[in-house]
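Worksheet for the structure shown next.
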Amino acid sequence: MASQVLVALALSLVGGFSTSLGALFVILSGAPNLKMLGLLQGFAAGLMLSISFLDLAHNAINSIGFLKGNLWFFAGVIFFAFVAHFIPEPTLAPGSDTKRKKDDDEGGKDIMKKHRRQVLFSGIITAIGISLHNFPEGMAVFLGSIKGLRVGLNLALAIALHNIPEGIAVALPVYFATQSKWQAFKLATLSGFAEPLGVVIVAYLFPSSLSPEILEGLLGSVGGIMAFLTLHEMLPLAFDYAGQKQAVKVVFLGMACMSASLYFLEISLPEDLSL
């Protein structure tokens, strides 16, 4: 069990630190292209949908049956829909930075201070929301690592790519409001630490051994959580930033890449390899 926790923790740290990569993108480029952000969100959405439906939910249905697999899957959907209902959704409207800069030029220092306070608050709320969203991702990596290295690696890959635009979403408003590269990088990085924290907490909540049926059911529930997060959070942002047609294309590109990754890891690793 200790080795499983360590491996899951290492994988979750990769995903968590991906938010730092997003922050670096903001810091180095100054003003990230929001269309590129939308394309990244769409690509990550394809990865997440593929692993949710074609791996986690699929395996749960095959292992514990169609009815039980679906019940676990939709239990995850309902659970996180309930959680999301009480979490204010962070948003970063396309073009908002340009509009704010124009207002600053026209309105003077008082308006500039007001806008920067508003944007800073938006960045903090975004960081809190993303931290709450990252917690079940850490849980997913832990449960996937218990099942086997193939599942854990695929989850870590999908989550890491997903966390890059999350880091941008946190760092961009903070950098605009504070003009501090360090503050933007720090807050984005801290929001990613919720992922390994999820691994640590869930590792001590679960017993040292889980029945295969419960494990498959929990993984199916995580698939439901991931599917809900993708459809509720990532796809709308991808459509807003990149446009519907471009976003749909990169979604299927992401699904194709994840399917190829699933196939490659399946033939590269023994099927019974578990940690």
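Positions of Cβ are set from backbone N, Cα and C atoms, glycine also.
The feature transmembrane segment is assigned by TrEMBL to 6-27 (among others). Listed by sequence, the residues of this chain that lie at least six past the ends of the transmembrane segment (6-27) yet keep a Cβ under 8 A from its Cβ atoms are 130, 134, 137-138, 141-142, 144-146, 149, 152-153, 155-156, 159-172, 175, 181, 184-185, 188-189, 191-196, 198-200, 203, 275.
Residues annotated as transmembrane segment in TrEMBL: 39-57 (among others).
As annotated by TrEMBL, transmembrane segment applies to 69-87 (among others).
Positions annotated as transmembrane segment by TrEMBL: 119-135 (among others).
Residues or ranges marked as transmembrane segment by TrEMBL: 155-175 (among others).
What TrEMBL records for 187-206 (among others) is transmembrane segment. Sequence-remote contacts of a segment are chain residues at least 6 beyond its ends whose Cβ falls under 8 Å from one of its Cβ atoms, and for the transmembrane segment (187-206) they are 1, 4-5, 8-9, 12-13, 15-20, 22-23, 26, 123-124, 127-128, 130-132, 134-139, 141-143, 159, 163, 166-167, 170-171, 174.
The transmembrane segment feature in TrEMBL is assigned to 218-235 (among others).
The transmembrane segment annotation in TrEMBL covers 247-265 (among others).
Under 8 Å from some Cβ of the transmembrane segment (218-235) lie the Cβ atoms of residues 41-42, 44-45, 48-49, 51-53, 55-57, 59-61, 64, 69, 72-81, 84, 89, 133, 136-137, 139-140, 143-144, 147, 151, 162, 210, 247, 251, all in the same chain and six or more residues away from its ends. Within its own chain, the transmembrane segment (155-175) has Cβ neighbours under 8 Å at 11-12, 14-16, 18-23, 25-27, 32, 37, 40-41, 43-44, 47-48, 50-51, 90, 92, 97, 119-120, 122-124, 126-127, 130, 133-134, 137, 140-141, 144, 181, 183-185, 187-189, 191-192, 195, 234, 237, 258, 261, counting only residues six or more beyond its boundaries. Residues 57, 60-63, 129, 132, 136, 216-218, 220-225, 227-229, 232 of the same chain lie 6+ residues outside the transmembrane segment (69-87) yet bring a C-beta within less than 8 angstroms of a C-beta in it. If one looks beyond the transmembrane segment (247-265) by at least 6 residues along the same chain, the residues whose Cβ comes under 8 Å of a Cβ in the stretch are 38-39, 41-47, 49-51, 54-55, 150, 153-154, 157-158, 235, 238-239, 241.
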